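Colleague: Take a look at this one; I'll ask things after.
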Amino acid sequence: MKRFLLFLAVSLCFAIQSFSQQIVLTNRAEISVMTCGASDLIHAIYGHTAVRVHDPVKHFDVVFNYGVFSFREPNFVYRFAKGNANYMLAPERYGDFYESYIRSGRSIREQVLNLTQQEKQQMLDFLIDNAKPENREYRYDFFFDNCATRVRDLVANQIDGELKFPDANDGLTFREHVSRYQQILPWTNLGIQLVLGSPADKLASAYDEMFLPQYLFKHFADARLSADGESRPLVLKTNTIYEAPEPKLSMLAVYSPEIILTLLLVLVAWVSFRQLKGSKRHYGIDSVLLFIHGLIGVVLLWFFLYSEHPEMKANYNQLWAVCFNLPFLFLWLIRPWRRLLRWYWVVLSAWLLLFFPLSIFLPQHFEMGFYLLIAMLLCRSLFHSRFVLARK
């Protein structure tokens, strides 16, 4: 998903729009699907897909990019989380496209499509029309409407015949697909896994897999075009334009969530044991854990109520990230309320204990990091429950 180059994109949009009637491709023209490698930037960890139209006779070499957005747009992050962020199609010169990916150290592979002259022309005409200011924006959906799916649908809709893909897939869910790419940023992966609900645990078909650029490349390589009783391969030839080294794990990857959270769990257990042997109880760890769990619960509740992303609905992480922990924390810090609220610890202990066996039967995958977070709060809630039950 490429960064936004506003001036270049807009100027080229108007330039191509103004000359659209003059662009008639020659028989030497080629239309290619460009597949770009991943990087360790959050918006680029899945790779990128674009369409190149090259006619050496007309000196026309333009890349049409469906992945244009800007973090600088007002409330972009909020609108992205809510599910109503708009991306756009913008053309840019191939030379600029090439240089930007070389600078960022990302691979570029090209699949030249096996199209008739008529199919090439109608595909270019569609792209030019789609790049007009009144047509270029679309509502982004990570799994079902992004830079890769737009290119897949473009090719399928602009050919004179039927585009057939092999049925074989990797047998992975949407969650498993994105998790493989997100391992380069393990803490980011943990956060994304947190907000993805049970719809992300649906098995992705071969057609669905093409929301990822590398899978679009893979399935295009095996696809065939059928028309007038004849069949031909979709891809005429494949060119490796630039081969970059695999992106390295971030420095934070050394301190993976599982390692850090395991160490924190050991610390929480040790502190709780020491407090059991002593006469004083301290609530610093409780405050931190209740705040984290409660805040996560509030965030997940917001996604459930307000986000338009269907994959963020029905999120069973809300069962362990109890949003009531947040108001309980603030009331618990007020000493006169503690006696009245002390049974909350017992109820919370029972609920978190129940979650462990219950999670096996829920239609959603839970990261190990989540279980470690649960175990920390469970340790503290059991610690307090012991005193509550002893005074019963």
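Indices start at 1 and increase along the chain as displayed.
For all residues, glycine too, the Cβ spot is worked out from N, Cα and C.
Curation plays no part in TrEMBL annotations; they are all automatic predictions.
Here's the feature list from TrEMBL:
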type	residues	note
DOMAIN	22-166	domain 'Lnb N-terminal periplasmic'
DOMAIN	255-388	domain 'Lnb-like transmembrane'
SIGNAL	1-20	signal peptide
TRANSMEM	249-271	transmembrane segment
TRANSMEM	283-305	transmembrane segment
TRANSMEM	317-334	transmembrane segment
TRANSMEM	341-362	transmembrane segment
TRANSMEM	368-389	transmembrane segment
Colleague: Short question: which residues 6 or more past the ends of the transmembrane segment (368-389) have a Cβ under 8 Å from it?
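Modeller: Counting only partners 6 or more residues beyond its ends, the transmembrane segment (368-389) has Cβ contacts under 8 Å with 190, 193-194, 257-258, 261-262, 264-265, 268-269, 272, 275-276, 281, 285-286, 289-290, 292-293, 317, 320, 325, 342-343, 345-346, 348-349, 352-353, 355-356.
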Colleague: Using Cβ atoms and a strict cutoff of less than 8 Å, what residues sit near the transmembrane segment (317-334) while being 6 or more residues removed from its termini?
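Modeller: Apart from its flanks, the transmembrane segment (317-334) reaches 194, 197, 283, 286-287, 290-291, 293-298, 300-301, 304, 341, 344, 348, 351-352, 355, 358, 362, 364, 366, 370, 373-374, 377.
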Colleague: When the domain 'Lnb-like transmembrane' (255-388) is classified with DSSP, how many of its residues are helical, how many are strand and how many are coil?
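Modeller: Secondary-structure composition of the domain 'Lnb-like transmembrane' (255-388): 104 helix, 0 strand, 30 coil.
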Colleague: Summarise the model's confidence over the domain 'Lnb N-terminal periplasmic' (22-166) as a mean pLDDT value.
Modeller: 92
